[in-house]
Amino acid sequence: MFRHGLRASAGLARRVLPRAAVTLGRQQRIATQSIRPSMPVAQSWNAVAHIARFYSSDAAAPAAETATEQQDARKLADDWTKQFASLADMGVNETLLRAITKDLGYQTMSPVQEKTIAPALKGTDIVAQAKTGTGKTIAFLLPLLQRMINEDPTLATRSAKYQARSNDIRGIVLSPTRELAEQIAEEARRLTRHTGLVVQSAVGGTMKNQMLYKTRREGCHLLVATPGRLHDLLSDERSGLAAPNLAAMVLDEADRMLDVGFERELKAIIDLLPRPDEKVRQTMLVSATIPDSVIRLTRSMVRADDFEFVQTISESDSLTHDHVNQNLVVVSHMNNVFPALFELIDKAIADAKANPDKSPFKGIVYLNTTAMTQLAGEMGFAKNRDRTFIRNFAIHSGLTQSARTRAAENFRKSESGILFSSDVTARGMDFPDVTHVIQIDCPRDRETYIHRLGRTARQQKDGEGWLLLPAMSRSRARGLLRGLPLQPNTSLESATFDVASGDAEPEAVTATKQLYPRMPSKVLEEAYRVSIFSSTEKHARDDMVVQMNEWVTQGWGWQSPPTVSKMRADRAGFGRTDLNFGTEQSSSSDSPRRSDRFGGRDFDRNDRNNRRSSDPFDGMRTDARRDSPGGRGGSSRGGFRRGSDRNSGRNSDRNSDRSRGGESAW
């Protein structure tokens, strides 16, 4: 009788729970199947709970069988709580769930969403450490939108859009880049399509007056913006934008905002918003890394007596993608950089074509400066002008916002292609099915390398990482990237070929040489100057000048290097005569920005050392995952919660990267 009743309950559970098989940690789009349960949510949950209570002390079933049945019942209940539909039990509005489950086709929450959404729905402030490519956008947008609806239920009705006003903004999302802000705004529009919520975006590089006209005409409930543009709008009394009833605010990629020098703007924005004693708002801060600068920002924006630190990166998970094959190619000379790059791309394209089981080649090439990105893009376009099987795109700060948006959207839609990019796309941007991330020269810092690499192997897919490193940058890279699982790769013939030897040239070297005469001279000149003056290590400058001059004469075929302003060289500390002094035809916009421009990194160390251990934010430093040369800090699964043991889970894995062979690359 007991087993008969259990079978009946199991049948009920199968009717309650969705049948579609969804791999944990992956969101699968299901366009034709509704994942709503076949009975009301509350009733369905009671039915699942009933299964767990069905066991009776009078049952005669063997103990082992009973234990297995209990585990199965618990698994059924756990599977239900991973479904987006289960969020109705937490009060999430039906219109939002309909957009997620029916329009977007998401059935199961990703691990990041599962860990973040539930605590955020309680209304407490959230600081979440989450990697990109894990579904974190919905993880913060859904609680943000629900908070706005909780404070004004009429926003869930379509008619609310007719009452929207530009001076009554209810939610704000801040993003470090224009591209990411536009991407978040588009995702928010999809989530709110069945509501009356009006979403607007405000980013730099676009027409401010045009944005204001649209916002005043249509109104705005949720504003997605970059810090600079939002500060400009809120501080302008004539803009007509205000947020007196602000319900919630999100800072996405907080570490990146500080890296590019937005700390001053962020503090000014807070001063322009209602004070906490005037209007309580929920703040959610999301960051892939938790450096001290982010902790400092958290202290100024998050309620110390009502916040949770949500750790979505497990203790065994590295901030770099462990399943990404990371290759280090040491390039002997500047002459060899572009030949090695194009040889690598050609081989990857040919390999994908020869292996039908492999995904088509889709790569992002990262360079450190706008000038070098522009040159690489021009060379890529020229190289593939007669080869229409692959498309080339470029994104850098020298382009207009419309051109950058168009390139990003076209690359996103392309099945195969190459994107030459500066770091504007390194964080947060979602480009599906990227198979290769290729980085040219040593990145500015370790976190930049990690975030660039994060553009591939997203959503549990495979990917490859390549670092083409000039030999003169090897010492600096060794210090920055020590411990990462980079493996030496010598498969590129053109990476070490001596261009001045007179020997028979590899095909990639010859083909690249033929491209230089087709390049605009101003693009070449700017790449030369920026490369020299962006060199941060004085002891490497002499070698840089020699190699750049040889690149010009041996590679480009020029008689002499481009002219350089002597005044500029003197200011930069170049006291040598190998530079060709004269009047510069153009000026660089690529001067390196200090990461501590507004106190981003080098904040007062005494403030940290002398802070009392009772500081509620101290737990963040303990529990944050830090992908550093010395290993990662640890914490218990799920992250630090208020009232928990902050000293638990501090086991570090200082030798884990080294055991994967990271040191052997150097």
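Placement of Cβ uses the backbone N, Cα and C atoms for every residue, glycine included.
Note on TrEMBL: of 25-54, 85-114, 265-294, the range annotated with the feature motif 'Q motif' is 85-114.
Taking H, G and I as helix, E and B as strand and the rest as coil, DSSP gives the motif 'Q motif' (85-114) the counts 20 helix, 1 strand, 9 coil.
Looking at the domain 'Helicase C-terminal' (344-505) alone, the prediction's average pLDDT is 91.
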